[in-house]
């Protein structure tokens, strides 16, 4: 991902304020509610029968935290996202058979959640930088599919 120095600074500054537990669970939960077909990858998570059930599901929250932990690793290696996400790409492609479009959807949901949490601080410029990052992460995760 090519970010200007200003964009990198904006991404890093905001990410330092992110509560990974809270934002991760909310982002994954929203993905499962807004795009219900993504739930098929989470059969073992128990009750996903309603938006409330999804958003309060401890397994959704725990996996969301794990997902954002990996995203944090990516932010530390923006110049090598493909390498950073190679193993996760392989896992999601070969073993889990996740549609790579879901990575793009989750990235966009994450941007929405960040906008919700940070309000005016999440300026159009910050959003533009984050859109570049989530697109880069989605492409890296989809790399094994190509």
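Quick reminder: no glycine exception, Cβ is built from N, Cα and C everywhere.
In Swiss-Prot this protein carries:
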type	residues	note
BINDING	63, 92	heme b binding site
DOMAIN	2-146	domain 'Globin'
MOD_RES	1	N-acetylvaline
MOD_RES	12	phosphothreonine
MOD_RES	44	phosphoserine
MOD_RES	59	N6-acetyllysine
MOD_RES	82	N6-acetyllysine
MOD_RES	93	S-nitrosocysteine
MOD_RES	144	N6-acetyllysine
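Swiss-Prot feature annotations superimposed on the structure.
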residue: 12; record: phosphothreonine; Cβ contacts under 8 Å, 6 or more apart: 75
residue: 44; record: phosphoserine; Cβ contacts under 8 Å, 6 or more apart: 59
residue: 63; record: heme b binding site; Cβ contacts under 8 Å, 6 or more apart: 24, 28, 42, 45
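Of all Cβ atoms in the protein chains displayed, 14 besides its own lie within 10 Å of the Cβ of residue 82 (N6-acetyllysine).
Taking DSSP states H, G and I as helix and E and B as strand, the domain 'Globin' (2-146) has 120 helix, 0 strand, 25 coil.
When other Cβ atoms within 10 Å of the Cβ of residue 1 (N-acetylvaline) are tallied across all protein chains shown, the result is 20. Residue 1 (N-acetylvaline) sits 10 Å from residue 82 (N6-acetyllysine), taking the Cα positions as reference.
The local packing around residue 59 (N6-acetyllysine), expressed as other Cβ atoms within 10 Å of its Cβ over all shown chains, amounts to 15.
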